[in-house]
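Since the structure comes first, as C-alpha coordinates, the remarks are kept for the end.
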(Lines of atoms letter the chains of each structure in order from A and count residues from 1; the text may use other names and numbers.)
(Lines give C-alpha, C1' and ligand atoms only; values in the text may rest on other atoms or scores of the structure.)
Protein backbone atom coordinates (compact mmCIF):
# COMPACT_ATOMS: atom_id res chain seq x y z
CA UNK A 1 0.00 0.00 0.00
CA UNK A 2 2.81 2.44 0.85
CA UNK A 3 4.55 1.77 -2.45
CA UNK A 4 1.33 2.25 -4.36
CA UNK A 5 0.63 5.48 -2.54
CA UNK A 6 4.11 6.79 -3.07
CA UNK A 7 4.51 5.93 -6.75
CA UNK A 8 2.30 8.68 -8.20
CA UNK A 9 4.29 11.32 -6.33
CA UNK A 10 7.54 9.97 -7.67
CA UNK A 11 6.21 9.53 -11.18
CA UNK A 12 4.55 12.93 -11.13
CA UNK A 13 7.91 14.67 -10.77
CA UNK A 14 9.20 13.46 -14.12
CA UNK A 15 6.93 15.62 -16.34
CA UNK A 16 7.95 18.71 -14.38
CA UNK A 17 11.64 17.81 -14.58
CA UNK A 18 11.27 17.24 -18.31
CA UNK A 19 9.49 20.59 -18.63
CA UNK A 20 12.37 22.29 -16.84
CA UNK A 21 14.94 20.66 -19.14
CA UNK A 22 12.92 21.37 -22.30
CA UNK A 23 12.30 25.01 -21.38
CA UNK A 24 15.96 25.62 -20.55
CA UNK A 25 17.03 24.11 -23.88
CA UNK A 26 14.45 26.26 -25.66
CA UNK A 27 15.84 29.37 -23.99
CA UNK A 28 19.46 28.50 -24.78
CA UNK A 29 18.68 27.93 -28.47
CA UNK A 30 16.69 31.17 -28.57
CA UNK A 31 19.69 33.00 -27.12
CA UNK A 32 22.28 31.34 -29.38
CA UNK A 33 20.28 32.18 -32.52
CA UNK A 34 20.05 35.82 -31.42
CA UNK A 35 23.73 35.88 -30.41
CA UNK A 36 24.80 34.60 -33.82
CA UNK A 37 22.59 37.18 -35.55
CA UNK A 38 24.11 39.93 -33.38
CA UNK A 39 27.63 38.76 -34.20
CA UNK A 40 26.83 38.60 -37.92
CA UNK A 41 25.65 42.21 -37.86
CA UNK A 42 28.69 43.32 -35.87
CA UNK A 43 31.16 41.89 -38.41
CA UNK A 44 29.14 43.13 -41.41
CA UNK A 45 28.24 39.63 -42.62
CA UNK A 46 26.88 39.49 -46.16
CA UNK A 47 23.08 39.54 -46.28
CA UNK A 48 22.67 40.45 -42.58
CA UNK A 49 21.63 43.99 -41.68
CA UNK A 50 20.61 45.74 -38.50
CA UNK A 51 16.96 45.47 -39.49
CA UNK A 52 17.18 41.65 -39.35
CA UNK A 53 18.54 41.78 -35.80
CA UNK A 54 15.95 44.32 -34.66
CA UNK A 55 13.12 42.32 -36.25
CA UNK A 56 14.21 39.26 -34.27
CA UNK A 57 14.34 41.24 -31.01
CA UNK A 58 10.95 42.87 -31.70
CA UNK A 59 9.40 39.44 -32.27
CA UNK A 60 10.81 38.14 -28.96
CA UNK A 61 9.54 41.19 -27.07
CA UNK A 62 6.04 40.87 -28.56
CA UNK A 63 5.86 37.19 -27.56
CA UNK A 64 6.92 38.10 -24.01
CA UNK A 65 4.33 40.90 -23.91
CA UNK A 66 1.58 38.44 -24.86
CA UNK A 67 2.69 36.01 -22.16
CA UNK A 68 2.89 38.70 -19.47
CA UNK A 69 -0.59 40.00 -20.39
CA UNK A 70 -1.99 36.47 -20.18
CA UNK A 71 -0.34 35.92 -16.79
CA UNK A 72 -1.58 39.25 -15.42
CA UNK A 73 -5.15 38.60 -16.63
CA UNK A 74 -5.14 35.12 -15.10
CA UNK A 75 -3.80 36.52 -11.83
CA UNK A 76 -6.60 39.09 -11.73
CA UNK A 77 -9.27 36.43 -12.20
CA UNK A 78 -7.73 34.34 -9.39
CA UNK A 79 -7.05 37.23 -7.04
CA UNK A 80 -8.85 35.59 -4.11
CA UNK A 81 -6.66 32.50 -4.19
CA UNK A 82 -3.82 32.34 -1.66
CA UNK A 83 -0.54 32.12 -3.56
CA UNK A 84 2.80 30.89 -2.26
CA UNK A 85 5.46 33.58 -2.08
CA UNK A 86 9.25 33.44 -1.92
CA UNK A 87 10.02 36.08 0.69
CA UNK A 88 13.69 36.18 -0.33
CA UNK A 89 13.00 37.04 -3.99
CA UNK A 90 12.22 40.46 -5.39
CA UNK A 91 13.32 42.63 -2.47
CA UNK A 92 11.81 46.13 -2.41
CA UNK A 93 15.17 47.86 -2.81
CA UNK A 94 15.88 45.67 -5.86
CA UNK A 95 12.54 46.67 -7.38
CA UNK A 96 13.31 50.33 -6.72
CA UNK A 97 16.70 49.92 -8.41
CA UNK A 98 15.27 48.28 -11.52
CA UNK A 99 12.56 50.97 -11.68
CA UNK A 100 15.22 53.71 -11.68
CA UNK A 101 17.12 51.99 -14.49
CA UNK A 102 13.85 51.47 -16.38
CA UNK A 103 13.00 55.17 -16.22
CA UNK A 104 16.40 56.06 -17.72
CA UNK A 105 15.87 53.32 -20.32
CA UNK A 106 12.60 55.02 -21.34
CA UNK A 107 14.54 58.26 -21.81
CA UNK A 108 16.98 56.30 -24.00
CA UNK A 109 14.07 54.98 -26.07
CA UNK A 110 12.73 58.52 -26.55
CA UNK A 111 16.18 59.61 -27.78
CA UNK A 112 16.21 56.71 -30.25
CA UNK A 113 12.78 57.69 -31.52
CA UNK A 114 13.98 61.29 -32.00
CA UNK A 115 17.11 60.02 -33.75
CA UNK A 116 14.99 57.90 -36.10
CA UNK A 117 12.73 60.85 -36.96
CA UNK A 118 15.74 62.99 -37.89
CA UNK A 119 17.24 60.26 -40.11
CA UNK A 120 13.96 58.70 -41.26
CA UNK A 121 14.89 59.13 -44.95
CA UNK A 122 17.61 56.49 -44.83
CA UNK A 123 16.83 54.30 -41.81
CA UNK A 124 14.85 51.08 -41.82
CA UNK A 125 11.32 51.26 -40.30
CA UNK A 126 12.41 48.64 -37.75
CA UNK A 127 14.70 51.25 -36.16
CA UNK A 128 11.61 53.31 -35.38
CA UNK A 129 9.44 50.35 -34.33
CA UNK A 130 12.11 48.91 -32.01
CA UNK A 131 12.30 51.76 -29.43
CA UNK A 132 8.49 52.02 -29.31
CA UNK A 133 8.12 48.28 -28.71
CA UNK A 134 10.97 48.36 -26.20
CA UNK A 135 9.34 51.21 -24.24
CA UNK A 136 6.05 49.29 -23.96
CA UNK A 137 7.98 46.14 -23.04
CA UNK A 138 9.89 48.02 -20.32
CA UNK A 139 6.77 49.53 -18.71
CA UNK A 140 4.84 46.25 -18.60
CA UNK A 141 7.85 44.22 -17.44
CA UNK A 142 8.57 46.54 -14.51
CA UNK A 143 4.92 46.36 -13.47
CA UNK A 144 5.03 42.56 -13.78
CA UNK A 145 8.16 42.30 -11.62
CA UNK A 146 6.73 44.62 -8.96
CA UNK A 147 3.57 42.52 -8.66
CA UNK A 148 4.78 38.97 -9.29
CA UNK A 149 8.55 38.64 -8.69
CA UNK A 150 7.84 36.75 -5.44
CA UNK A 151 5.33 34.30 -6.96
CA UNK A 152 5.82 30.57 -6.60
CA UNK A 153 3.84 29.29 -9.58
CA UNK A 154 1.90 26.08 -8.94
CA UNK A 155 -0.54 26.00 -11.89
CA UNK A 156 0.08 25.76 -15.66
CA UNK A 157 3.65 24.99 -14.65
CA UNK A 158 4.84 23.66 -18.03
CA UNK A 159 3.47 26.65 -19.94
CA UNK A 160 4.79 29.11 -17.36
CA UNK A 161 8.27 27.60 -17.50
CA UNK A 162 8.47 28.36 -21.23
CA UNK A 163 7.03 31.84 -20.75
CA UNK A 164 9.44 32.80 -17.96
CA UNK A 165 12.54 31.33 -19.63
CA UNK A 166 11.58 33.12 -22.85
CA UNK A 167 11.52 36.36 -20.85
CA UNK A 168 14.91 35.59 -19.26
CA UNK A 169 16.71 35.09 -22.57
CA UNK A 170 14.88 37.96 -24.28
CA UNK A 171 16.34 40.27 -21.66
CA UNK A 172 19.77 38.66 -22.04
CA UNK A 173 19.66 39.28 -25.80
CA UNK A 174 18.59 42.89 -25.26
CA UNK A 175 21.50 43.19 -22.80
CA UNK A 176 23.88 41.71 -25.39
CA UNK A 177 22.63 44.13 -28.04
CA UNK A 178 23.16 47.07 -25.70
CA UNK A 179 26.63 45.89 -24.70
CA UNK A 180 27.69 45.43 -28.32
CA UNK A 181 26.36 48.82 -29.45
CA UNK A 182 28.02 50.61 -26.56
CA UNK A 183 31.29 48.68 -27.04
CA UNK A 184 31.46 49.60 -30.73
CA UNK A 185 31.09 53.27 -29.81
CA UNK A 186 33.82 53.00 -27.16
CA UNK A 187 36.09 51.18 -29.61
CA UNK A 188 35.76 53.92 -32.21
CA UNK A 189 36.71 56.55 -29.63
CA UNK A 190 39.61 54.38 -28.47
CA UNK A 191 41.01 54.03 -31.99
CA UNK A 192 40.97 57.79 -32.42
CA UNK A 193 42.92 58.24 -29.16
CA UNK A 194 45.65 55.68 -29.87
CA UNK A 195 47.63 58.02 -32.11
CA UNK A 196 48.03 60.51 -29.26
CA UNK A 197 49.82 57.83 -27.19
CA UNK A 198 52.30 57.19 -30.01
CA UNK A 199 50.95 53.84 -31.22
CA UNK A 200 50.91 54.82 -34.88
CA UNK A 201 51.76 51.31 -36.02
CA UNK A 202 48.19 50.19 -35.18
CA UNK A 203 45.90 50.44 -38.17
CA UNK A 204 42.87 52.57 -37.36
CA UNK A 205 39.73 51.62 -39.24
CA UNK A 206 36.55 53.00 -37.73
CA UNK A 207 33.64 50.58 -37.52
CA UNK A 208 30.97 53.02 -38.59
CA UNK A 209 27.26 52.17 -38.65
CA UNK A 210 26.15 55.80 -39.05
CA UNK A 211 23.26 56.60 -41.44
CA UNK A 212 24.26 57.44 -45.00
CA UNK A 213 22.21 60.62 -45.20
CA UNK A 214 22.08 64.10 -43.70
CA UNK A 215 20.17 64.90 -40.55
CA UNK A 216 17.17 67.22 -40.80
CA UNK A 217 18.16 69.16 -37.64
CA UNK A 218 21.91 68.95 -36.94
CA UNK A 219 21.77 70.17 -33.33
CA UNK A 220 19.12 67.66 -32.24
CA UNK A 221 20.89 64.83 -34.04
CA UNK A 222 24.09 65.59 -32.13
CA UNK A 223 22.23 65.67 -28.80
CA UNK A 224 20.43 62.41 -29.53
CA UNK A 225 23.50 60.52 -30.83
CA UNK A 226 25.72 61.59 -27.91
CA UNK A 227 23.02 61.20 -25.27
CA UNK A 228 22.19 57.65 -26.36
CA UNK A 229 25.68 56.37 -25.51
CA UNK A 230 25.72 58.01 -22.09
CA UNK A 231 22.41 56.33 -21.24
CA UNK A 232 23.38 52.85 -22.43
CA UNK A 233 25.06 51.80 -19.12
CA UNK A 234 21.72 52.16 -17.32
CA UNK A 235 19.89 50.24 -20.04
CA UNK A 236 22.47 47.45 -19.78
CA UNK A 237 22.03 47.20 -15.99
CA UNK A 238 18.25 47.24 -16.33
CA UNK A 239 18.16 44.20 -18.61
CA UNK A 240 20.63 42.13 -16.60
CA UNK A 241 18.73 42.84 -13.37
CA UNK A 242 15.44 41.94 -15.04
CA UNK A 243 16.87 38.66 -16.35
CA UNK A 244 18.16 37.68 -12.88
CA UNK A 245 14.80 38.41 -11.21
CA UNK A 246 12.98 36.42 -13.90
CA UNK A 247 15.45 33.55 -13.54
CA UNK A 248 14.65 33.31 -9.81
CA UNK A 249 10.95 33.25 -10.74
CA UNK A 250 11.66 30.39 -13.16
CA UNK A 251 13.58 28.41 -10.52
CA UNK A 252 10.70 28.84 -8.07
CA UNK A 253 8.09 27.25 -10.36
CA UNK A 254 6.61 24.20 -8.62
CA UNK A 255 8.80 24.69 -5.55
CA UNK A 256 7.47 23.79 -2.11
CA UNK A 257 7.94 26.79 0.14
CA UNK A 258 8.19 26.54 3.92
CA UNK A 259 5.73 28.96 5.47
CA UNK A 260 7.58 30.96 8.05
CA UNK A 261 7.68 34.60 8.99
CA UNK A 262 10.66 36.45 7.59
CA UNK A 263 12.11 39.22 9.69
CA UNK A 264 11.91 42.52 7.85
CA UNK A 265 15.26 44.25 7.61
CA UNK A 266 14.78 47.87 6.56
CA UNK A 267 17.75 50.04 5.67
CA UNK A 268 18.70 52.57 8.35
CA UNK A 269 21.32 55.33 8.21
CA UNK A 270 21.74 55.23 11.97
CA UNK A 271 25.12 53.84 13.02
CA UNK A 272 26.82 53.92 9.60
CA UNK A 273 27.97 57.54 9.56
CA UNK A 274 31.69 56.73 9.35
CA UNK A 275 31.27 54.26 6.49
CA UNK A 276 28.98 56.65 4.60
CA UNK A 277 31.35 59.60 4.98
CA UNK A 278 34.40 57.68 3.71
CA UNK A 279 32.31 56.09 0.96
CA UNK A 280 30.97 59.47 -0.22
CA UNK A 281 34.53 60.85 -0.27
CA UNK A 282 35.55 57.96 -2.55
CA UNK A 283 32.46 58.46 -4.74
CA UNK A 284 33.04 62.21 -5.11
CA UNK A 285 36.74 61.82 -5.88
CA UNK A 286 36.00 59.05 -8.43
CA UNK A 287 33.53 61.26 -10.32
CA UNK A 288 36.14 64.04 -10.40
CA UNK A 289 38.81 61.60 -11.65
CA UNK A 290 36.50 60.33 -14.43
CA UNK A 291 35.68 63.87 -15.60
CA UNK A 292 39.37 64.85 -15.71
CA UNK A 293 40.29 61.54 -17.39
CA UNK A 294 37.75 61.95 -20.18
CA UNK A 295 38.87 65.54 -20.78
CA UNK A 296 42.62 64.81 -20.76
CA UNK A 297 42.78 61.45 -22.52
CA UNK A 298 43.40 61.86 -26.23
CA UNK A 299 44.37 65.53 -25.96
CA UNK A 300 48.10 64.89 -26.29
CA UNK A 301 50.58 62.19 -25.33
CA UNK A 302 51.61 63.97 -22.10
CA UNK A 303 48.02 64.64 -21.06
CA UNK A 304 47.04 61.04 -21.79
CA UNK A 305 49.92 59.66 -19.71
CA UNK A 306 49.05 62.00 -16.82
CA UNK A 307 45.40 60.92 -17.02
CA UNK A 308 46.36 57.23 -16.87
CA UNK A 309 48.78 57.81 -13.97
CA UNK A 310 46.11 59.75 -12.05
CA UNK A 311 43.55 56.98 -12.62
CA UNK A 312 45.89 54.20 -11.49
CA UNK A 313 47.01 56.00 -8.31
CA UNK A 314 43.43 56.75 -7.29
CA UNK A 315 42.28 53.18 -8.03
CA UNK A 316 45.22 51.66 -6.11
CA UNK A 317 44.35 53.75 -3.04
CA UNK A 318 40.64 52.85 -3.18
CA UNK A 319 41.28 49.13 -3.75
CA UNK A 320 43.77 49.03 -0.86
CA UNK A 321 41.13 50.56 1.45
CA UNK A 322 38.54 48.04 0.25
CA UNK A 323 40.92 45.12 0.85
CA UNK A 324 41.62 46.37 4.38
CA UNK A 325 37.90 46.81 5.15
CA UNK A 326 37.10 43.32 3.81
CA UNK A 327 39.87 41.69 5.88
CA UNK A 328 38.63 43.43 9.06
CA UNK A 329 35.09 42.18 8.38
CA UNK A 330 36.29 38.60 7.84
CA UNK A 331 38.33 38.73 11.05
CA UNK A 332 35.21 39.82 12.97
CA UNK A 333 33.32 36.87 11.48
CA UNK A 334 36.09 34.51 12.60
CA UNK A 335 35.70 35.78 16.17
CA UNK A 336 31.95 35.13 16.16
CA UNK A 337 30.33 31.75 16.60
CA UNK A 338 27.24 31.89 14.43
CA UNK A 339 25.83 29.11 12.26
CA UNK A 340 25.18 29.41 8.52
CA UNK A 341 21.76 29.19 6.90
CA UNK A 342 21.98 26.31 4.41
CA UNK A 343 18.27 26.19 3.52
CA UNK A 344 17.27 26.09 -0.15
CA UNK A 345 17.15 29.63 -1.52
CA UNK A 346 17.35 30.17 -5.33
CA UNK A 347 17.86 33.94 -5.02
CA UNK A 348 20.78 33.61 -2.60
CA UNK A 349 22.38 30.82 -4.64
CA UNK A 350 22.14 32.92 -7.81
CA UNK A 351 23.71 35.91 -6.02
CA UNK A 352 26.74 33.85 -4.97
CA UNK A 353 27.17 32.31 -8.42
CA UNK A 354 26.93 35.68 -10.16
CA UNK A 355 29.52 37.20 -7.84
CA UNK A 356 32.13 34.55 -8.64
CA UNK A 357 31.16 34.19 -12.31
CA UNK A 358 31.24 37.89 -13.18
CA UNK A 359 34.44 38.48 -11.17
CA UNK A 360 36.18 36.23 -13.71
CA UNK A 361 35.86 39.06 -16.27
CA UNK A 362 38.01 41.41 -14.18
CA UNK A 363 40.42 38.64 -13.29
CA UNK A 364 40.93 37.86 -16.99
CA UNK A 365 41.77 41.50 -17.78
CA UNK A 366 44.05 41.79 -14.75
CA UNK A 367 46.05 38.68 -15.59
CA UNK A 368 46.34 39.90 -19.19
CA UNK A 369 47.78 43.21 -17.97
CA UNK A 370 50.21 41.46 -15.60
CA UNK A 371 51.43 39.19 -18.38
CA UNK A 372 51.82 42.15 -20.77
CA UNK A 373 53.94 44.07 -18.23
CA UNK A 374 56.19 41.04 -17.71
CA UNK A 375 56.62 40.29 -21.42
CA UNK A 376 56.81 43.81 -22.89
CA UNK A 377 60.19 45.04 -24.07
CA UNK A 378 59.53 48.75 -23.51
CA UNK A 379 57.77 50.05 -20.40
CA UNK A 380 56.48 53.63 -20.36
CA UNK A 381 56.50 55.01 -16.82
CA UNK A 382 52.72 55.01 -16.39
CA UNK A 383 52.42 51.31 -17.24
CA UNK A 384 54.23 50.32 -14.01
CA UNK A 385 51.25 51.62 -12.01
CA UNK A 386 49.17 49.04 -13.86
CA UNK A 387 50.97 46.19 -12.06
CA UNK A 388 49.88 46.95 -8.45
CA UNK A 389 46.46 48.00 -9.80
CA UNK A 390 45.92 44.63 -11.52
CA UNK A 391 47.14 42.65 -8.49
CA UNK A 392 44.85 44.59 -6.14
CA UNK A 393 41.85 44.04 -8.45
CA UNK A 394 42.35 40.27 -8.13
CA UNK A 395 42.86 40.33 -4.35
CA UNK A 396 40.02 42.80 -3.64
CA UNK A 397 37.41 40.77 -5.51
CA UNK A 398 38.61 37.59 -3.80
CA UNK A 399 38.20 39.13 -0.33
CA UNK A 400 34.95 40.91 -1.13
CA UNK A 401 33.35 37.77 -2.54
CA UNK A 402 34.22 35.88 0.65
CA UNK A 403 32.71 38.64 2.79
CA UNK A 404 29.47 38.96 0.79
CA UNK A 405 28.84 35.22 0.37
CA UNK A 406 29.41 34.53 4.06
CA UNK A 407 27.24 37.50 5.03
CA UNK A 408 24.23 36.43 2.99
CA UNK A 409 24.53 32.87 4.36
CA UNK A 410 24.80 33.84 8.03
CA UNK A 411 21.73 33.41 10.19
CA UNK A 412 20.42 36.58 11.77
CA UNK A 413 21.26 36.91 15.44
CA UNK A 414 18.44 35.97 17.80
CA UNK A 415 18.11 36.59 21.52
CA UNK A 416 17.87 33.40 23.55
CA UNK A 417 14.29 32.53 24.53
CA UNK A 418 15.31 31.95 28.17
CA UNK A 419 16.84 35.39 28.38
CA UNK A 420 13.75 36.99 26.87
CA UNK A 421 11.65 35.76 29.82
CA UNK A 422 13.89 37.28 32.47
CA UNK A 423 12.73 40.25 34.47
CA UNK A 424 14.74 42.88 36.21
CA UNK A 425 13.94 43.33 39.88
CA UNK A 426 15.08 46.35 41.78
CA UNK A 427 16.14 45.75 45.37
CA UNK A 428 15.90 48.68 47.74
CA UNK A 429 16.68 48.45 51.42
CA UNK A 430 13.66 48.89 53.67
CA UNK A 431 11.14 48.79 50.78
CA UNK A 432 9.09 46.21 48.96
CA UNK A 433 10.34 44.67 45.68
CA UNK A 434 9.23 46.41 42.53
CA UNK A 435 9.13 44.95 39.01
CA UNK A 436 11.29 46.93 36.59
CA UNK A 437 11.39 46.94 32.76
CA UNK A 438 12.04 43.91 30.60
CA UNK A 439 15.47 42.55 29.68
CA UNK A 440 15.16 44.30 26.32
CA UNK A 441 15.76 47.61 28.08
CA UNK A 442 18.96 46.32 29.71
CA UNK A 443 19.96 44.96 26.28
CA UNK A 444 19.53 48.39 24.74
CA UNK A 445 21.35 50.09 27.61
CA UNK A 446 18.28 51.87 28.98
CA UNK A 447 18.03 50.23 32.41
CA UNK A 448 17.55 52.41 35.45
CA UNK A 449 20.71 53.57 37.15
CA UNK A 450 19.30 55.17 40.28
CA UNK A 451 21.59 55.30 43.31
CA UNK A 452 21.04 52.46 45.73
CA UNK A 453 19.33 50.18 43.20
CA UNK A 454 20.96 46.92 42.26
CA UNK A 455 19.45 45.03 39.31
CA UNK A 456 19.26 41.25 39.54
CA UNK A 457 18.30 38.52 37.08
CA UNK A 458 16.44 35.38 38.02
CA UNK A 459 16.57 32.44 35.61
CA UNK A 460 13.42 30.47 35.07
CA UNK A 461 11.04 32.69 37.09
CA UNK A 462 10.29 36.21 38.16
CA UNK A 463 11.27 37.40 41.65
CA UNK A 464 8.43 37.05 44.13
CA UNK A 465 7.12 39.97 46.13
CA UNK A 466 8.34 40.46 49.68
CA UNK A 467 6.43 38.88 52.58
CA UNK A 468 5.08 40.94 55.44
CA UNK A 469 6.27 40.65 59.02
CA UNK A 470 9.17 38.46 60.13
CA UNK A 471 9.73 36.94 56.68
CA UNK A 472 11.05 40.24 55.37
CA UNK A 473 14.27 40.10 57.42
CA UNK A 474 15.18 36.61 56.17
CA UNK A 475 14.40 37.61 52.61
CA UNK A 476 16.58 40.70 52.84
CA UNK A 477 19.48 38.64 54.24
CA UNK A 478 19.31 36.09 51.42
CA UNK A 479 18.90 38.79 48.81
CA UNK A 480 21.90 40.71 50.14
CA UNK A 481 24.02 37.57 49.80
CA UNK A 482 22.95 36.98 46.21
CA UNK A 483 22.74 40.55 44.97
CA UNK A 484 26.48 40.74 44.20
CA UNK A 485 26.31 37.50 42.21
CA UNK A 486 23.30 38.69 40.18
CA UNK A 487 24.88 42.08 39.63
CA UNK A 488 28.04 40.45 38.25
CA UNK A 489 25.86 38.33 35.97
CA UNK A 490 24.08 41.47 34.74
CA UNK A 491 27.32 43.26 33.94
CA UNK A 492 28.65 40.15 32.17
CA UNK A 493 25.56 39.97 29.93
CA UNK A 494 25.61 43.71 29.32
CA UNK A 495 29.32 43.57 28.45
CA UNK A 496 28.78 40.75 25.95
CA UNK A 497 25.89 42.64 24.36
CA UNK A 498 27.99 45.79 24.18
CA UNK A 499 30.78 43.91 22.36
CA UNK A 500 28.21 42.36 19.98
CA UNK A 501 26.73 45.78 19.22
CA UNK A 502 30.17 47.23 18.53
CA UNK A 503 30.99 44.38 16.11
CA UNK A 504 27.63 44.85 14.42
CA UNK A 505 28.25 48.58 14.05
CA UNK A 506 31.68 48.00 12.53
CA UNK A 507 30.25 45.47 10.04
CA UNK A 508 27.46 47.86 9.02
CA UNK A 509 29.99 50.65 8.42
CA UNK A 510 32.19 48.32 6.37
CA UNK A 511 29.20 47.20 4.27
CA UNK A 512 28.13 50.83 3.71
CA UNK A 513 31.69 51.83 2.75
CA UNK A 514 32.09 48.91 0.32
CA UNK A 515 28.64 49.62 -1.14
CA UNK A 516 29.64 53.18 -2.10
CA UNK A 517 33.08 52.05 -3.27
CA UNK A 518 31.53 49.53 -5.65
CA UNK A 519 29.21 52.19 -7.03
CA UNK A 520 32.28 54.40 -7.46
CA UNK A 521 34.20 51.70 -9.35
CA UNK A 522 31.16 51.02 -11.55
CA UNK A 523 31.20 54.58 -12.89
CA UNK A 524 34.59 54.69 -14.75
CA UNK A 525 34.16 51.68 -17.09
CA UNK A 526 30.44 52.33 -17.54
CA UNK A 527 31.06 55.86 -18.84
CA UNK A 528 34.13 55.30 -20.99
CA UNK A 529 37.05 55.54 -18.56
CA UNK A 530 38.77 52.29 -19.54
CA UNK A 531 42.56 52.16 -19.12
CA UNK A 532 42.50 48.61 -20.54
CA UNK A 533 41.80 50.33 -23.87
CA UNK A 534 44.01 53.39 -23.46
CA UNK A 535 47.07 51.81 -21.84
CA UNK A 536 48.29 50.45 -25.17
CA UNK A 537 50.83 48.03 -23.70
CA UNK A 538 48.53 44.99 -23.85
CA UNK A 539 47.72 45.72 -27.51
CA UNK A 540 51.41 45.62 -28.41
CA UNK A 541 52.00 42.30 -26.61
CA UNK A 542 48.82 40.44 -27.60
CA UNK A 543 47.99 42.29 -30.81
CA UNK A 544 45.32 44.92 -31.34
CA UNK A 545 42.37 42.75 -32.42
CA UNK A 546 42.92 39.83 -29.96
CA UNK A 547 43.17 42.18 -26.96
CA UNK A 548 40.16 44.24 -28.06
CA UNK A 549 38.12 41.02 -28.33
CA UNK A 550 39.20 40.02 -24.80
CA UNK A 551 38.30 43.45 -23.42
CA UNK A 552 34.92 43.54 -25.17
CA UNK A 553 34.04 40.10 -23.82
CA UNK A 554 35.27 40.64 -20.26
CA UNK A 555 34.33 44.28 -19.64
CA UNK A 556 30.51 43.79 -19.50
CA UNK A 557 30.96 41.17 -16.77
CA UNK A 558 33.34 43.44 -14.89
CA UNK A 559 30.84 46.31 -15.02
CA UNK A 560 27.96 44.09 -13.92
CA UNK A 561 30.06 42.71 -11.05
CA UNK A 562 30.33 46.15 -9.46
CA UNK A 563 26.62 46.85 -9.65
CA UNK A 564 25.71 43.37 -8.40
CA UNK A 565 28.21 43.67 -5.55
CA UNK A 566 26.69 47.02 -4.57
CA UNK A 567 23.22 45.45 -4.51
CA UNK A 568 24.46 42.51 -2.43
CA UNK A 569 26.26 44.80 0.02
CA UNK A 570 23.09 46.85 0.45
CA UNK A 571 21.33 43.63 1.46
CA UNK A 572 24.21 42.76 3.82
CA UNK A 573 23.89 46.17 5.48
CA UNK A 574 20.16 45.63 6.01
CA UNK A 575 20.68 42.15 7.49
CA UNK A 576 23.59 43.01 9.77
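Every residue gets a Cβ built from N, Cα and C, even glycine.
Per TrEMBL, the features are as follows:
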TRANSMEM  26-47  transmembrane segment
TRANSMEM  53-72  transmembrane segment
TRANSMEM  93-117  transmembrane segment
TRANSMEM  129-146  transmembrane segment
TRANSMEM  229-250  transmembrane segment
TRANSMEM  271-295  transmembrane segment
TRANSMEM  311-333  transmembrane segment
TRANSMEM  354-379  transmembrane segment
TRANSMEM  506-528  transmembrane segment
TRANSMEM  540-561  transmembrane segment
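Contact check: the transmembrane segment (271-295) against the transmembrane segment (229-250) gives fewer than three Cβ pairs closer than 8 Å, residues 6 or more apart, which falls short of the contact criterion.
Within the same chain, the transmembrane segment (53-72) stays apart from the transmembrane segment (354-379): fewer than three Cβ pairs sit under 8 Å, each pair at least 6 residues apart. Taking residue pairs at least 6 apart in sequence, the transmembrane segment (229-250) and the transmembrane segment (93-117) share three or more C-beta contacts under 8 angstroms.
Sequence-distant contacts of the transmembrane segment (129-146), counting only residues of its own chain at least 6 positions beyond either end whose CB sits under 8 Å from a CB of the stretch, comprise 54, 57-58, 61-62, 64-65, 68-69, 71-72, 90, 95, 98-99, 102, 105-106, 109-110, 112-113, 116, 167, 174, 238, 242, 245-246.
Between the transmembrane segment (540-561) and the transmembrane segment (26-47), the number of CB pairs under 8 angstroms, six or more residues apart, is fewer than three, so the stretches are not in contact.
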